[in-house]
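If you check TrEMBL, you get these features:
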type	residues	note
TRANSMEM	B:21-40	transmembrane segment
TRANSMEM	B:74-94	transmembrane segment
TRANSMEM	B:106-126	transmembrane segment
TRANSMEM	B:138-157	transmembrane segment
TRANSMEM	B:169-194	transmembrane segment
TRANSMEM	B:214-236	transmembrane segment
TRANSMEM	B:257-283	transmembrane segment
TRANSMEM	B:295-317	transmembrane segment
TRANSMEM	B:329-346	transmembrane segment
Amino acid sequence: MTAGQAIATKDLTLSYGDTIIINELDLEIPKGEITVFIGGNGCGKSTLLRSIARLLKPKSGAVLLEGEAIARLSTKDVARKMAILPQSPSAPEGLTVLQLVKQGRYPYQTWLKQWSTEDELKVRNALKATGMEELRDRTVDSLSGGQRQRAWIAMTLAQDTDTILLDEPTTYLDMTHQIEILDLLFELNEKEKRTIVMVLHDLNLACRYAHNIVAIKEQKVFAQGKPEHVINCGLVKNVFGMECEVTIDPLFGTPLCIPYGKGRCILKGQGFQG
Amino acid sequence: MKKYYNFRLLGDRVSFLVNRKALITFLLLAAAAAGVFIISTGTGEMKISPLKVVQVFLGGGSDMDRLVIQSFRLPRIIVALMVGMALAAAGGILQGIIRNPLASPDIIGITGGASVAVVAFLAFFSDKNNALTVSINWMPLAAFAGAAILAFLVYFLAYKNGVSPVRLVLIGIGLASLMKALTTLMMVFGPIYQASQANIWITGTVYGSNWDNVAILVPWTLVFLVLAFVLARNVNIQELGDDIALGVGSTVQKYRFLLLMVSTALIGGAVAFGGGIGFVGLMAPHMARRLVGSAFGALLPASALIGGILVMAADLIGRTLFSPLEIPAGVFTASIGAPYFIYLLFKTRNA
């Protein structure tokens, strides 16, 4: 069903000092799909994403990008195939959107060739795809949270890679802008068949946008597959340690997780008694 | 009006995106630098009109004008220009790679290393009559060595699987304080005469510069300025943080080391001939940022010119305001720079 794998890990072990974060992980991430990593705080999903992006050296094992070990490729070659947007990046004061997005062309530039026709085209396309054309001369620090995140996504798009990794791209955004960013990524996947791998905290949004969910728990992948196949109350209880009801999203038909807990219950008679 | 020009040659092999506003600002700054240079050359005990100064530059002028300008004033003004450019450019690089607006040559201790070396030089090579036992011409070398050793020390101590900006700046601040303490200690124990001489050096002065100094400092500074300009896009990418820089395929540690070395070379040259002139390395990059934005390819040249203007102007004031008394240029860099800086901050606070 899938056209092969974009990324794979082989016996991947990650650690901070002596603390093992991910242990001997074999994972395959399908090409041309949206994959979302989920898991509780500190489960290692961001660490795994960073290691796939070669920002963190594995203790042992390897990350394969289109079948080749990432450690053996030159870092610029990797940068032409895979882009990473880390969590809450920050731009220096006074940098304009255009100047930021232009940095995405770094892997294609030399010191004399810093603005080729191709650079110009890719930057323009990236600004267009993210709806940032009008804002290109504004400084990044003067933008709203949602616009700022779109500017950073435009930078990763300018990198012109088949695969884009994003670490919690919706953090600190209000609901409108969360949807706006995820819609943008969904469209990029639909139209251009880019492989998107991201960490998301919101399980329901993960279910809506992901083709493939990877649930991480205790240094391992607990489950992987289509959200409608893997997300159920048992998984949520196991991975997040939370009691919930999983029902069906009335708009999209994807799994919808409703947590138990305290709160005001205004249903008469049949309500949940926490 | 177009905000950018595409500059392309040889089928894209040489291609740049040029910001129109930054280019105009750069040209204006260059004109201002030339203006200050000419005015400064014409000002002093013997006044020479700007027109005559230009005539002398073009090979004309009277013998007297030529003598005054070529023998007495030019070397000093050229050294002031180079020192200012070097410190300002180095400050800009440091602020970029450390990602901290407070970074400057003095704060991470490089200037402090040079101070200690100079004070030690004055202390160890003086006889009982406070006369130097070796030529004073060795002092720049001592200053340079002090700066270089300290820069390596900062880098070495900050190293832990590569160098992170935070470690770099903290180790730098620690060593800077240590250097300050050492300098004070040596000045307290040394004779008064030495202390005052050392103090003038620490404040920073281009007094007594000669053509030999110019012959060393000009090529040195220009080479490293060009190198810094070549490396500009690596400063840009480092300013976005290590994760982004690694993500787009930059070899962050290699370039961080290279950039630190380039700024050390610039600072070393500047302190060797200009002493510990403060403020310029910290503030000139900020002024440039307000004028041309923070893309480093524009910021670096603008910052260098502002630095050059500041030190030339400070030296002009220092040698004319209380003439015949000579006030070290370092005293005035802050007093003429700070008001303008505050004005810029004030003007751009809502921008």
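Cβ from N, Cα, C; glycine included.
When Cβ distances are compared across the two stretches, the transmembrane segment (B:295-317) makes no contact with the transmembrane segment (B:106-126), since fewer than 3 pairs at least 6 residues apart fall below 8 angstroms. Counting residues 6+ beyond its ends, the transmembrane segment (B:21-40) has Cβ neighbours under 8 Å at 3, 5, 50, 53-54, 73, 77, 80-81, 291-293, 295, 298, 301-302, 305-306, 308-309, 312-313, 315-316 in the same chain. Counted over residue pairs separated by six or more positions, the transmembrane segment (B:214-236) shares at least 3 Cβ pairs under 8 angstroms with the transmembrane segment (B:257-283), which defines the two as touching. Of the Cβ pairs linking the transmembrane segment (B:169-194) with the transmembrane segment (B:74-94) and spaced 6 or more residues apart, fewer than 3 are under 8 Å, so the two regions do not touch. Long-range neighbours of the transmembrane segment (B:74-94) within the same chain, counting only residues 6 or more positions beyond its ends whose Cβ lies under 8 Å from a Cβ of the stretch, are 33, 37, 40-41, 103-105, 108, 206-211, 213-214, 217-218, 221, 224-225, 228, 235, 259-260, 262-264, 266-267, 269-270, 273-274, 277, 280-285, 288, 296, 299-300, 303-312, 314-315, 329.
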